[in-house]
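Visitor: The transmembrane segment annotation in TrEMBL covers 34-54, 66-91, 111-132, 153-173, 208-233, 254-277, 297-313. For 46-310, the entry in TrEMBL reads domain 'G-protein coupled receptors family 1 profile'.
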Amino acid sequence: MNNSNTLDLRGVLYSESDDEDKRKILYEFVTNGVILNVIGILGIFGNIISMIILSRPQMKSSINYLLIGLARCDTVLIITSVLLFGIPAIYKYTGCLFLYYFKVYPHLVLILYPLALIAQTVSVYLTLTVTLERFVAVCHPLQARSLCTYGRARLYVILIIVFSTLYNLPRFWEVQLVELSYESKYNTTLYEVNMTELRVNPIYITIYIHWLYLIFIYFLPFTSLAVLNAAIYQQVRRANQERQRLSRLQKKEIGLATMLLCVVVVFFLCNILALVNNVLEAFYGSPLDQVVATSDMLITINSSVNFIIYVIFGEKFKRLFLKLFCSHGWMGIGGRDSPDANTHDDSVVSNGDGRNYSLRNSHMYHLHRTGTAIIRNGSTTSRNSNSMHCSTRIPHAPSPGPCVYYPACGSEWENENTTTTSLNKL
């Protein structure tokens, strides 16, 4: 481009480019202009629904607080991807959104570029923290009581956000706004974004852009994720082989671990191409434009699909989703279909004395259902009436402590005598 009143759009606009540039622009339009935008919009709705469900009182736990933080971060990442890659790809192919590309977009880049990298860093380390929390709960259940708490989860999220912001602070000084030309047709000044002297400094590129980025964003978290998830996978396999001897709570924990394993696998698959791009750029020069466009699309997909994984593998998540959004009991207002009315497996805590208790908001609860079965220590009592009103007092547990789960862990669970008080699901 130049600073005359006539813009040179060769290589930028599809209709004014040669055949090679047309292929690049068309590919970018398909991957970023269509797929990225569509999946990104759906992903935003999915993440909002995930945040609503995971923030319900009966879903309160340390792992769910981390997943809420991940959903928020992914939403920010999707929005920045749509504004930075999705909408500009539409202009390049169609010629529409001229003012956005030359007026709005350059101003947005100054903020969205570093914000996107901060969100990406938070997403990476929140995924690592979720895996670490599951590793402790599955492989070291005795330490989970003190480590996997709601308060610690909040602290981890705050520390990750602070670290990610400080690490990406130099990104705010990598780009600058440049006045391009005066376009009389639109009666406005046009702009473009250029790299600053800092961004083209060879030392800065070698140390910060290449090595630090590869170490802190890819090598360190990817290696840790691989090691931790290998240990979790071995524990899940061992537990599945002894599935007949597992308690209901232990089976629930194995299911949660399996769900989060799927989240990490998708994370690996969608981020591996970005790792390849950075390695190619660090050692062999700039990667292909088509590979970069594909990488941007995959990162957006990774931020959009966690809701689908939760619905497929999370039984309680799926149950709450159906009751909140697929019945007349919208947002808990619907009587019998309300999740607050008949979702009773709110949380299970262990006091360390070999007993597990199912807790409610209070020790007294009332049921207004027909044919409700109450199970106590293996004996079942059924009561059928048109209007049943029963009260059952849960044994008072002294100082139950944080809400943590103790899954099967080899021989630790073989000799454990567990007594469970729970309600049969309606």
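For all residues, glycine too, the Cβ spot is worked out from N, Cα and C.
Note: TrEMBL annotation is automatic and uncurated.
Can you tell me where each of these features sits in this structure?
Guide: The list of residues near the transmembrane segment (34-54) in space but at least 6 beyond its ends in sequence, with Cβ under 8 angstroms from a Cβ of it, reads 64-65, 67-68, 71-72, 74-75, 78-79, 81-82, 85-87, 89-90, 296-297, 300-301, 303-308, 310, 317, 320-321, 324-325.
Across all of the domain 'G-protein coupled receptors family 1 profile' (46-310), the predicted model scores a mean pLDDT of 89.
For the transmembrane segment (111-132), the residues of the chain that approach it from at least six positions outside its boundaries are 63, 66-67, 69-70, 73-74, 76-77, 80-81, 83-84, 156-157, 160-161, 163-165, 167-169, 171-172, 174-175, 216-217, 221, 224-225, 228-229, 232, 260, 263-264, 267, 271, 299, 303, judged by C-beta separation under 8 angstroms.
Same-chain residues lying 6 or more positions outside the transmembrane segment (153-173) and placing a CB less than 8 Å from one of its CB atoms are 62-63, 65-66, 69, 110, 113-114, 117-119, 121-122, 125-126, 129, 133, 196, 198-199, 204, 208, 216.
Same-chain neighbours of the transmembrane segment (254-277): 63, 124, 127, 130-131, 134, 137-138, 214, 218, 222, 225, 229, 232-233, 235-236, 239-240, 246, 287, 291-292, 294-295, 298-299, 301-302, 305-306, 309-310, 312-315, 405, 407-408, counting only residues six or more beyond its ends whose CB sits under 8 Å from a CB of the stretch.
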